[in-house]
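*Asks:* Pasting in a structure now, in structure tokens, and then I'll have a few things to ask.
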Amino acid sequence: MKDFRRYLVLKYIQYLVLSSSNTISTLLGVLGSGYVMLILQSSRVSSKSTAVFISSLAKADLLIFVSAAAELFLWTSSAAVPHTAFTPALLQNLLTANTHISVLLLSCVAVEAYLITFFPMESRSLRTVRNAGLTSRAIWLLVAAECTLLQADDVLKASGTSPSCSPGVWLLHLSSGAAALLRALSCLLGILLRTVNVYIYYKIFFSVSNRSAVRTK
């Protein structure tokens, strides 16, 4: 559990404290995810809802690995592989998917910690492995749908749809409008989740501090 706590602290710093991930934090995060995935294979790790969220969080870093490997491949074979509008947009959207999945999963861990601290008995029926698995899968599906829309919008913009083709123009306008709305909502949701996470851990910290102070008296 100490390793899991360190890993979660690293991930919170990477996604919820830093305004944007840098190379060092991203590399440390990927290495930490690899280490956590190895730990989760151990029989000593009990199957709990928190472990499900952490496992899904570690798997999200596979998107960074795929994006980096694809970019390296394109760089080393730039002469042989033709570059299209699809490729750079896809690589960027893989990183976007990683960020959004990670932030949502970290928020799930924070909510679970809040429930454990303040409503341990009442929330026991909610904090199950099954519910954690369903929530994780729902997050992956929603983010996949989001990035599919963003990918389609990026490709349509880069392809330069001809104004003479009215169906193409309508499709471009619809895709651009939906993508712009989605980006705005993602930005607002990111700010909201950062605020909620700070509030949750603020409440947990002072609750634990007060309990410790009462015990020492």
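Cβ atoms here come from the backbone N, Cα and C positions, even for glycine.
TrEMBL entries are annotated by machine, without manual review.
According to TrEMBL, the domain 'G-protein coupled receptors family 1 profile' annotation covers 32-217. Summarising the annotation, TrEMBL assigns transmembrane segment to 12-40, 60-81, 101-120, 172-193.
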*Asks:* Please indicate, using numbers and ranges, the residues of the same chain that are 6 or more beyond the transmembrane segment (172-193) and have a C-beta under 8 Å from a C-beta there.
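*Replies:* Long-range Cβ neighbours of the transmembrane segment (172-193): 16, 100, 103-104, 107, 146, 149-150, 152-153, 156-157, 161.
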*Asks:* Averaging the per-residue pLDDT over the domain 'G-protein coupled receptors family 1 profile' (32-217), what integer do you get?
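*Replies:* 84, rounded to a whole number.
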